[in-house]
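According to Swiss-Prot, the features are:
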MOD_RES   A2  N-acetylalanine
REGION    5-100  region 'Required for interaction with BAG6'
MOD_RES   S5  phosphoserine
BINDING   C13, C16, C29, C32  Zn(2+) binding site
ZN_FING   13-32  zinc finger
REGION    42-63  region 'Disordered'
COMPBIAS  47-63  compositional bias 'Polar residues'
REGION    95-128  region 'Disordered'
COMPBIAS  103-116  compositional bias 'Basic and acidic residues'
COMPBIAS  117-128  compositional bias 'Basic residues'
REGION    202-306  region 'Sufficient for interaction with AICDA'
ZN_FING   231-272  zinc finger
REGION    279-313  region 'Disordered'
COMPBIAS  293-313  compositional bias 'Low complexity'
Amino acid sequence: MAEASPQPGRYFCHCCSVEIVPRLPDYICPRCESGFIEELPEETRNTENGSAPSTAPTDQNRQPFENVDQHLFTLPQGYSQFAFGIFDDSFEIPTFPPGAQADDGRDPESRREREHQSRHRYGARQPRARLTARRATGRHEGVPTLEGIIQQLVNGIISPAAVPSLGLGPWGVLHSNPMDYAWGANGLDTIITQLLNQFENTGPPPADKEKIQALPTVPVTEEHVGSGLECPVCKEDYALGESVRQLPCNHLFHDSCIVPWLEQHDSCPVCRKSLTGQNTATNPPGLTGVGFSSSSSSSSSSSPSNENATSNS
């Protein structure tokens, strides 16, 4: 009578961190197909039925993120140390190795001793989150909630003191001052407002009150009305016989329109010439030597007033 083949002993896979039944005859892990396995002592073998406990992977026995591609969690250089540093020794992920549901009272000292011998024999691995067996009912005090994990991540990214060893500055991937960015829905409006406030007090100084009062007042003629001349400030057409103020550049304005402007800026709103005849306009960069056609056209449009002023004199 042929004898039954001996049952393989219980082994521990250091890659999967679970107990397995090795694949014979190569003695490799049936899950990861690696040979980094260790035979367990015989005193923990189930002697009631003489067979090794079932090691078929179930949903509760599977390691967290077992089938997730590890490249999905690839972090920039330096961030991996920060991410794993958050999950320190106080963070423990509850897992259930094979047989934990049926034998929760297994001696924890033997398991710690086995892990210690394994690390001593094969060399210490890089620090990582500890995986310890916990009961299915109730939450361990050291296990944080999902909200706590997210809060730790947010605090670590925002707080400069939480990422001292990244070498990326207190704001991580932001390689400049965070105030240089437009944050939120009104961020762009805030930047435009700041720019306008910076240019509010720029430009030529106010004109002298004596020069403003000395500006001549001329009547609007039929030639002005026929040419469609209008006030450059309020854009209203001049009425026949209306009194307007004439600047040295021959541009005509309503008295109520040009006086408040000259009290703040000593320049013509059209050609940017001051009351002394000096041009206060500045050409944009790269346009040096290029004249403004609007000034010449505006001057030409006001030529009838000049002729009229000459004839009246």
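A Cβ is built for glycine as well, from the same backbone N, Cα and C atoms used for every other residue.
Since the structure is predicted, the reported quantities are computational estimates derived from the model, not experimental observations.
Known features from Swiss-Prot, placed on the structure.
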residue : record              : Cβ within 10 Å
C13     : Zn(2+) binding site : 21
C16     : Zn(2+) binding site : 20
C29     : Zn(2+) binding site : 21
C32     : Zn(2+) binding site : 16
What counts of helix, strand and coil residues does DSSP assign across the zinc finger (231-272)?
8 helix, 7 strand, 27 coil
When you average the Cβ positions of C13, C16, C29, C32 for the Zn(2+) site, which other residues in that chain have a Cβ within 8 Å of that mean position?
H14, C15, V18, I20, P30, R31, E33, S34, F36, I37
Where does C32 (Zn(2+) binding site) sit by DSSP, helix, strand or coil?
coil
Under DSSP, is C16 (Zn(2+) binding site) part of a helix or a strand, or is it coil?
coil
